[in-house]
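Visitor: I have a structure I would like to understand better, so I am pasting it below and will then ask my questions one at a time.
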Amino acid sequence: MATVDEVDADAYGLDLAADRLTGSDASDLERAAEAALRPRRLDEFVGQRVVRDQLSLVLDAAIGRGSSPDHVLLSGPPGLGKTTLAMIIAAELGASLRVTSGPAIQHAGDLAAVLSSLDEGEVLFIDEIHRLARPAEELLYVAMEDFRVDVVVGKGAGASAIPLTLPRFTVVGATTRAGLLPAPLRDRFGFTGHLDFYSSDELERVLTRSAGLLGSALQPQAASELASRSRGTPRIANRLLRRVRDWAEVRGDGSMDLRAARAALEVYEVDDLGLDRLDRAVLRALCTRFAGGPVGLTTLAVTVGEEPETVETVAEPFLVREGLMGRTPRGRVATPAAWAHLGLTPPADGATLFA
Ligand SMILES: Nc1ncnc2c1ncn2[C@@H]1O[C@H](COP(=O)(O)OP(=O)(O)OP(=O)(O)O)[C@@H](O)[C@H]1O
Ligand SMILES: [Mg+2]
């Protein structure tokens, strides 16, 4: 079976803006670099205190009982640690991890084959679980609840379903779009952890840890500068760190200090809020082309030349969290902070949009 990082790369049929420095999605090469920086155990996993606490309770209880824990669903924007946590769950349970993804399962039969080859206690990680095909989804409900798959033998009127009992196993599902998961599937997960953006302090810890693993020292001021411009996302923090290291080695004196951090961020056009080209393009289009909105997601995405899904899962969550963009029933709107950030003046009647 494939490794987590191979499947991760496959999961993105559409290569979501992989060239963006602060995009939260990762290219194949980057996933290899990331693998080295992944925390292996729960106590190395920085931040997400609530999810970590809850999860450790679920896992410890299962270990104590000598049984498999409830199925776990992890949701949240790209790059916040869903895959990392899935690997940690298996490691904490001392179980082996099987990896697949929604897009990799084309037919219910593919999933039946994976399920029927599971051993007792194994963890099955299904990345991008919201992209499972409907028949596979239905098979999964039954397997998760009753630990059974019905193997269909024969065709047409003569076909019969032979129930096959499965050993106890744990599904860990990951999704960037929990809202797309049908309720029956969501209900089969005994524990759902929603990962949120990281605070600057937490990202500083991620950065310092990563720098240590890369064998270089990151000065505290540089760590804090990078943390505040990483869009609350460990993947981006690690990516910026590697660019700062490049800058320090090639143009600086080798030390990752504030000067190197600022210079590298400037080269890569990451602004003081951590926004990159796509984020700014989205905000700018919203303000200048649509007078601050409201405008529909698809129209907005077309204007900036991106897939609606990219704008929705990659750019929007952070813009909304930073109070730069609002989502209303009539569409996306720019907030006064967005106009201010772009150095633009909102239209005189714009105030009504935020009432
Ligand atoms: N809590 C954390 N502490 C330290 N490093 C982290 C943490 N969370 C994530 N990382 C780092 O960020 C990288 C990206 O995390 P991960 O691959 O788990 O994200 P993801 O949520 O699965 O993203 P995607 O939705 O794109 O699959 C990891 O390689 C890891 O190095
Ligand atoms: Mg992942």
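Backbone N, Cα and C define each Cβ position, glycine as well.
Per TrEMBL, the features are:
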REGION    18-198  region 'Large ATPase domain (RuvB-L)'
BINDING   L37, R38, G79, K82, T83, T84, E145, D146, F147, R188, Y198, R235  ATP binding site
DOMAIN    68-201  domain 'AAA+ ATPase'
BINDING   T83  Mg(2+) binding site
REGION    199-269  region 'Small ATPAse domain (RuvB-S)'
REGION    272-355  region 'Head domain (RuvB-H)'
BINDING   R327, R332  DNA binding site
Visitor: Give me the CA-CA distance between F147 (ATP binding site) and R327 (DNA binding site), in Å, as a whole number.
Guide: 40
Visitor: Scan E145, F147, R327, R332 for binding-site residues whose C-beta lands under 6 Å from an atom of ligand 1 and note them, or write none.
Guide: none
Visitor: Looking only at the region 'Small ATPAse domain (RuvB-S)' (199-269), what is the model's average confidence as pLDDT?
Guide: 94
Visitor: What binding-site residues among L37, G79, T83, F147, Y198, R332 have a C-beta sitting less than 6 Å from any atom of ligand 2?
Guide: T83
Visitor: For Y198 (ATP binding site), just give me the three-state DSSP call.
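Guide: In the DSSP reduction, Y198 (ATP binding site) maps to coil.
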Visitor: Pull the DSSP breakdown for the region 'Head domain (RuvB-H)' (272-355) and write it out as helix, strand, coil residue counts.
Guide: 49 helix, 9 strand, 26 coil
Visitor: How long is the line from the C-alpha of R332 (DNA binding site) to the C-alpha of Y198 (ATP binding site), rounded to the nearest angstrom?
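Guide: Cα-Cα, rounded: 24 Å.
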Visitor: Enumerate same-chain residues with a sequence separation of six or more from L37 (ATP binding site) and a Cβ-Cβ distance below 8 A; give 'none' if the list is empty.
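Guide: Once residues fewer than 6 apart are set aside, L37 (ATP binding site) is near R209, S210, L213, L214, N238.
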Visitor: Would you work out the biggest C-alpha to C-alpha distance among L37, R38, G79, K82, T83, T84, E145, D146, F147, R188, Y198, R235, the residues that bind ATP according to the record, and give it in angstrom as a whole number?
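Guide: Those residues reach a largest Cα separation of 37 Å.
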Visitor: For R332 (DNA binding site), list the number of other Cβ atoms lying within 10 Å of its Cβ atom.
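Guide: Excluding its own Cβ, R332 (DNA binding site) sees 26 Cβ atoms within 10 Å.
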